[in-house]
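Listed in TrEMBL:
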BINDING   H207, H308  protein binding site
BINDING   D224, D235, E365  Zn(2+) 3 binding site
BINDING   D235, H301, E334, E365  Zn(2+) 4 binding site
DOMAIN    8-62  domain 'C6H2-type'
Amino acid sequence: MASEAEAKRKCSGADCDNDAGSLQCPTCLKQGIKDSFFCSQDCFKRNWGTHKTIHKTQSKFLSSLFPPNAISKPDPDSGLFDPFPTFPYTGSLRPVYPLSPHRAVPKTIKYPDYWNDGIPHSERTFGGRNKIDILDKEGQDAMRKVCRLAREVLDIAAAAVKPGVTTDYIDEIVHKACIERDSYPSPLNYGHFPKSVCTSPNEVICHGIPDQRVLLDGDILNIDVTLYHGGYHGDLNETYYVGDKAKADPDSVRVVEAARESLDAAIALVKPGALFRDYGNVIEKVAKSKNCSVVKAYCGHGINTKFHCSPNIPHYAKNKAVGAAKEGMCFTIEPMIALGTHKDKTWPDDWTSVTQDGKRTAQFEHTLLVTADGVEILTARLPNSPGGPVSIPVAEMNGETKVEAAQ
């Protein structure tokens, strides 16, 4: 009986239909997570970006049982504090706690399956991990609607970005805008994420938790918005310049525009038959032309009734992603580009991912629908969307700043 069950065990790789071997994820073993088997080391490495979200769910549960005891004393005037004062941060950013109270979602709004226990159950099934959904007309129309709403919410949040506001204020804006659109903010309690949006400034690659930190003139800020409406998720993000100092900083502009241009270049390849592994080649080519690197730890993903599902879309060159685009598929491409190393490090909150060298990073993301003759950008910018390309400052001569034209 045992050997027969083993023979039928399937690989946990999201893009793999093979039978699993004896290889198990070592982190899952440490955390007591069962049935995490893979067919090969290459398959395990290829799927690491999505597989590791399982560890976050378990880690957040353990953290609630055993909270960290190294917490700095709150400032007597403001009451603010760093919850991880002994952590070796890689850059100048620090979390500023306490976090604001949990924001409620009216029960009249449709909830995703993880709203209560933090576990995306539909993503944990074999079909949820491995099957690439082809949407019918009804599903495609639902994706168009939720993505349009998500664009509206991101634009509202972006309009509030300026020196002096906190990322928690951005979270409040996003949460209210979602509710106004009869939508659930997808990040809220996904894997126990505590907020309704991800806000990632400066060296934060992704998954920054909104807190009491005040945005400064010269910061760059990524805002990652996802809505759940009508049973479907719509996901997008952009990186914005905070104040005029950011737009005048050549390095900040270089990394932001490299991220923007690399996404545009990848989207231009999307059509039926285009291989998932090819997008990373053009993304890395654009990044290298700007003397930047591509973060390898995170990838684009399928999206529909599930927040994250197959296929995985790596953003780096010479990856081994399996599969090709087909009409009716929905997935994201969301390259993370860094000024320095591509390597990441996660803060003790189990979410905030930063560059190991503390240098700045930027990201852009769209949700895409593969059509018969190409691609439809479901989260496309509107004529009045905040942000947009900025020319790169290159020199100052005779008191005047010379600029390099944006691509």
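Yeah, the Cβs are placed from backbone N, Cα and C, and that goes for glycine too.
H207 (protein binding site) has its Cα within 10 Å of the Cα of these binding-site residues: D224, taken from D224, H301, E334, E365. Note on H207 (protein binding site): other Cβ atoms within 10 Å of its Cβ, all shown chains, come to 22. The separation of E334 (Zn(2+) 4 binding site) from H308 (protein binding site), Cα to Cα, is 13 Å. A straight line from the CA of H301 (Zn(2+) 4 binding site) to the CA of D224 (Zn(2+) 3 binding site) spans 14 Å.
Cβ proximity to the Zn(2+) 3 site centre (mean Cβ of D224, D235, E365, cutoff 8 Å) flags the following additional same-chain residues: C198, V225, T226, L236, N237, T332, E334, T367. Cα of E334 (Zn(2+) 4 binding site) to Cα of E365 (Zn(2+) 3 binding site): a span of 4 Å. Its Cβ taken as reference, D235 (Zn(2+) 3 binding site) is surrounded by 27 other Cβ atoms within 10 Å in the chains shown.
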